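According to TrEMBL, the protein carries these features:
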type: COMPBIAS; residues: 253-270; note: compositional bias 'Basic and acidic residues'
type: DOMAIN; residues: 10-214; note: domain 'Ion transport'
type: REGION; residues: 224-270; note: region 'Disordered'
type: TRANSMEM; residues: 7-23; note: transmembrane segment
type: TRANSMEM; residues: 43-64; note: transmembrane segment
type: TRANSMEM; residues: 122-141; note: transmembrane segment
type: TRANSMEM; residues: 184-208; note: transmembrane segment
Amino acid sequence: GECSQKCYDIFVLETVCVAWFSFEFLLRSIQAENKCAFLKTPLNIIDILAILPFYISLIVDMASTKNSSKPGGGAGNKYLERVGLVLRFLRALRILYVMRLARHSLGLQTLGLTVRRCTREFGLLLLFLCVAMALFSPLVYLAESELGAKQEFTSIPTSYWWAVISMTTVGYGDMVPRSIPGQVVALSSILSGILLMAFPVTSIFHTFSRSYSELKEQQQRAASRQMHQLEESTKLAGGSSSQWITAASPPDAAREDGRPELDQEAKRSC
């Protein structure tokens with residue numbers, strides 16, 4: 001039907017894209033001098049994780065087709081059903097195709113470099129949030145369980161969710177403190193969340209700005225280096241052609257210098 005035709009078209013498009021990505025990855029792996037360092041590169045790992053699920057799904061589909069065609073293939077089908085969850089997870093890795101844009105996107109490269117440089121700041125941010133969450137969740141639970149009209153905060157672990165969305169100023173509204181002590185705790189958690197997130201974020205922002213400037217200068221230097229190499233190659237090509245012309249010119253000059261003598265000899269013979 002129409003759905004099967006669309007699925008077939010998507011499969012053909014995916015096959016073409018994966019074949020192109022595989023060919024490009026194979027060429028880069030052949031060109032790389034150090035194969036181990038090439039395979040350990042984060043972007044190359046992302047490429048492998050994005051390409052392999054397609055081939056694994058093809059192998060599993062072919063195996064399931066063969067087992068279903070056999071009369072005693074019930075056990076094989078049960079095994080394939082067990083690995084179906086893993087296969088669906090692998091197919092979900094197709095979204096990693098988007099990460100291939102990091103090779104050509106300055107913004108994504110800056111983001112990755114900032115994350116690598118700010119691991120300590122992200123750790124501090126996570127630590128601050130965990131400490132504040134462990135502090136405000138029991139307080140709001142005690143306030144709402146004793147004085148609240150609605151029992152929305154049924155336990156301390158459920159209050160962790162409220163503490164996270166309050167300190168990050170998201171505020172979905174699914175859990176709301178009704179009592180005055182609970183609202184005081186909520187106000188304290190919101191203000192503390194803003195302050196706790198502001199301290200590491202400032203350092204992360206400066207690191208992001210510095211990383212962006214460094215990558216931009218690096219790209220400009222690479223572009224100027226390519227232009228310089230191109231100019232040198234054109235100069236070398238022009239110099240070799242001029243040398244060839246000068247090397248070929250003396251015989252012509254000798255011929256031109258010898259032409260008057262030949263004319264005089266011709267006149268004398270006459």
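Cβ coordinates come from backbone N, Cα and C, glycine included.
All TrEMBL annotations are machine predictions without curation.
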Distant-in-sequence neighbours of the transmembrane segment (7-23), which means Cβ under 8 A and at least six residues beyond its ends: 47, 50-51, 54-55, 94, 97, 100
The mean pLDDT across the domain 'Ion transport' (10-214) is 82
